[in-house]
Amino acid sequence: MPVRRHEINISPLAEARVKSSLHRNHRLQAVGLLSAVVIAAAFVAFRSVQKPDPPATHSADSSDASSHPGSGLTSNVPLPPIDPGPFSNASHSVAFVGSQVCATCHENEYASYLKTAHSRALAKVAPSAEPPDAEFIQQETGRTYSVYRKDGELRHREAIGVGDETLLLHDMPMKYVIGSGHYSRSYMAESHGFLLESPITWIASTNRWDMSPGYEHAGHAGFRRVTDFGCVVCHAGRVEPVQHNRFRLKIHEQSISCENCHGPGGQHVDYWKQPNSTSDGPDMTIVNFGQLTRQQSEMICSQCHLRGAATITVKDRSVSDYLPGMRLTDFRVDYRLKESGKAMKVTGHVEQMRLSACYQNSPEMSCTSCHDPHAPPTAGNRIDYFRNQCLNCHAEQGCALTETDRSKKDNNCVACHMPSSPTDIDHFAFTHHRVGIHDEAPPAPADDPIGDLVPITKIDHLPLQEQQRTLGLAYLEFAEKQPDDAAFDAYRSRSFQVLTELRRGGLQDVDLEEALARMHWETGRLPDAIQLAENAMAMTPDRIAERTNSLFVLAESHLRMGAIGKAVPHLEKLVRLRRVSEDWNLLAICRVQLGKPADAIAALEQSVEIDPYRIDTVQMLAELTQQHGTADDHQRWQKRLELLRQAAESPP
């Protein structure tokens, strides 16, 4: 069996899978950090990880990792050039100007844009405009969550009652609010340059505070979850990683803006400032949906409204390089399970629409056939608005129901043919975008839960080698989402086989090297894991911030092999690049072994700030401060240790 990971963070979507059984079950025993067998004892306490026997399907000798990739079948096949589309502003040489500049000439369009949810996707928190203070207990964890205002800030607090005492876990001011409030309002705090998702969300349908999506069950991330580039990019107008680090972000424009759909406006502004500019003919300096094909316009919406089982970036390209008018599949490939599509995903609108008979039988139907980004319906005219959209095509084909039956649902086409359906997020129901006759119940699941991944959008313009590469990486990402070990192992095995074959065939790719490094590490092949991770690091020496997974594999593998001096530099880089308690814990182990207990204590204190639930970390602090700290520090950590143990032993 492969090792089930803790916080390696192979992908933004892997967090739930990487928690060790130690974290999930809160069964944290004595560390024995200061004993003669400190490394072995620390790893038993930190990780509950043992080196497994490698499964036969993953056989690979060390030469696979140490040799230069490629010994036979094929070498790197060049990618086709990026299709820029018809508009001249689909270029990174064109400057972004911001929505306020657009508003100076397009006043009416901007005014209508302000009525859309896009214009309120992300904003700085204004405490006076937020829902009222409240406090509630999550039954699954026994923790108390509070929303309150203090010193002009909206704060979210997490604590747990232990007997007559209260153990504070987190208390943070909220910096950003996510969402227009139509469905919900979620929040982000900032800590040491990292944006963190709050576990508390305002739910509009219930008109109360509750747990954020993904936090409904015990063992959730609390305030540990960093909202990285992949999380924020579809909630902000323009955001970029700082120095290639997806965990540290610079937000240039908060709300989803004009340029998210129309592309950068610098060329358009410059053109219309010229005295000889003319409106004769189409203006190709700014993306106009009326001049795009259905596929091109859908790709603009698909940036955020299409997500499948896995999303993989095309080799040597970045999703952030996509601009409206370009072909999205030149930058990323979205996969789904074959024959799936009836389940409702919040970002699955495009996939569902493509399953509709209306879409398949009409070459013109697209997102904007029903949604006018500049004229959203009001609550009062919503039914009439969407009925009229349907009647644009169905005026001569009346509804099969009698007028009496239709009136039961206010003559609302959407209520029957696009009903509100449960989503993959608790508390939320969104309009189903598969137009048609909907079953009362979803079909029974297939007997074989292991299905095939297929691209949602055609990618036949990509070389077969790249199609296989994205498929292999997609299986690895999809494995992380599986609820049981059998499915995880099956999809991971497929990934290993596809990627290993590509590497043997000559493909040189940093993501492939890093993925194989991770899988060799999981199965205990540490020398191979180290070599593959070093290969990945060498391929992008100027973009080390993108290689946090390789850094972790190198650090943890060297530490497990007893090479403390080799592990430390990688860990010191990691703790600057990302916010993961395990990185600080491993660094503390190294510092103890190097005779630096004060530095070890400092590292463990950073770990507790990130993850205050970990009993093992607090126990090490209690032990270290007993010998190398003050009496007050030791008493403080010993007291916290006792409270955490009581909380873990008491059911919620």
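In case you wondered, yes, glycine gets a Cβ from its N, Cα and C as well.
Listed in TrEMBL:
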- 51-84: region 'Disordered' (REGION)
- 56-72: compositional bias 'Low complexity' (COMPBIAS)
- 101-130: domain 'Cytochrome c-552/4' (DOMAIN)
- 228-263: domain 'Cytochrome c-552/4' (DOMAIN)
Long-range Cβ neighbours of the domain 'Cytochrome c-552/4' (228-263) (under 8 Å; 6 or more residues past either end): 12-13, 87, 89-90, 94, 96-99, 102, 106, 110, 113, 118-124, 176, 178-179, 193-195, 197, 286-289, 300, 303-304, 319-320, 323-325, 347, 373, 543, 545-546, 548, 577-579
The domain 'Cytochrome c-552/4' (101-130), counted residue by residue under DSSP: helix, strand, coil: 18 helix, 3 strand, 9 coil
DSSP residue counts for the domain 'Cytochrome c-552/4' (228-263), split into helix, strand and coil: 9 helix, 14 strand, 13 coil
Whole-number mean of pLDDT values that fall within the domain 'Cytochrome c-552/4' (228-263): 95
